[in-house]
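First the structure, in the form of structure tokens, and then the observations on it.
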Amino acid sequence: MEKKVGTDRVKRGMAQMQKGGVIMDVVNAEQAKIAEEAGAVAVMALERVPSDIRAAGGVARMADPRIVEEVMKAVSIPVMAKARIGHITEARVLEAMGVDYIDESEVLTPADDEFHLLKSDFTVPFVCGCRDIGEALRRIGEGAAMLRTKGEPGTGNIVEAVRHMRQVNGQIRQIAGMTDDELMVAAKNFGAPYELIKEIKTLGKLPVVNFAAGGVATPADAALMMELGADGVFVGSGIFKSDNPAKFASAIVQATTYYTDYELIGKLSKELGSPMKGIEMSRLNPEDRMQDRSF
């Protein structure tokens, strides 16, 4: 029996439909409804938001399928869910459940410290994190239909997401300016598939959307990432760790859409209550850096 898999064109097209929007982490149906009402283009169903995963320690795994099912029943927008890096069975279970996207996520404890999933082997589209063009193109080479910056999840600190977005976009400009005879060396240096390096040279951009994620905690953070070239924004702990989640969620969505309307962003930021406290990066131990969990 021939195995059914989705084509890159279809998967990437589905991801393109989320462009310009906000995707919010939720842990129950009530939060999912708040996200949908605020204007989120999709939700990420998980058992704990990244800040709680970070605080709890231990091994973080795929969410209880009951949570994912409850979220899927509660909203009409697409539902994503996270699987551990390299965990084929978690990903197959989520695919069988009918989720719209799977995030092969460094927020969860990796199941395989050497190999990522062969995402082209699945029908469902995948989202993956990246810090630079090498990671981005390796994930696309495996079949990812959508990328996001890794940032540093659960910190409420935007600095790493900014670093990763600037790094990827700077390296795209570098490749776009190369002559054809320099591309093979670029593929070697970046550890990236040659055909995808050539595609970057031709397009002048990634062949898939690249969202900002990891540390978005305020409307201004979301707008900043759009200014830097993000195709949209993931918000993890920032919304439901704030004092007023519904108001905060709506403000993030509007700031993402109207990211150059600074007067509006100022108004949206008024009287939101306190955002999540956040963590200064220098206070993180090297072993606690989630962004270093994949390669």
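Backbone N, Cα and C define each Cβ position, glycine as well.
As recorded in Swiss-Prot, the features of this protein are as follows:
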- K82: active site, schiff-base intermediate with D-ribose 5-phosphate (ACT_SITE)
- D25, G154, G215, G236, S237: D-ribose 5-phosphate binding site (BINDING)
- R166: D-glyceraldehyde 3-phosphate binding site (BINDING)
Cα distance (Å, whole number) from D25 (D-ribose 5-phosphate binding site) to R166 (D-glyceraldehyde 3-phosphate binding site): 24
Neighbouring C-beta atoms (10 Å sphere around the C-beta of G154 (D-ribose 5-phosphate binding site)): 27
Inter-residue Cα distance where the pair is D25 (D-ribose 5-phosphate binding site) and the residue listed as 'active site, schiff-base intermediate with D-ribose 5-phosphate', in Å: 10
Most crowded position, judged by CB atoms within 10 A, among K82, R166 as recorded positions: K82
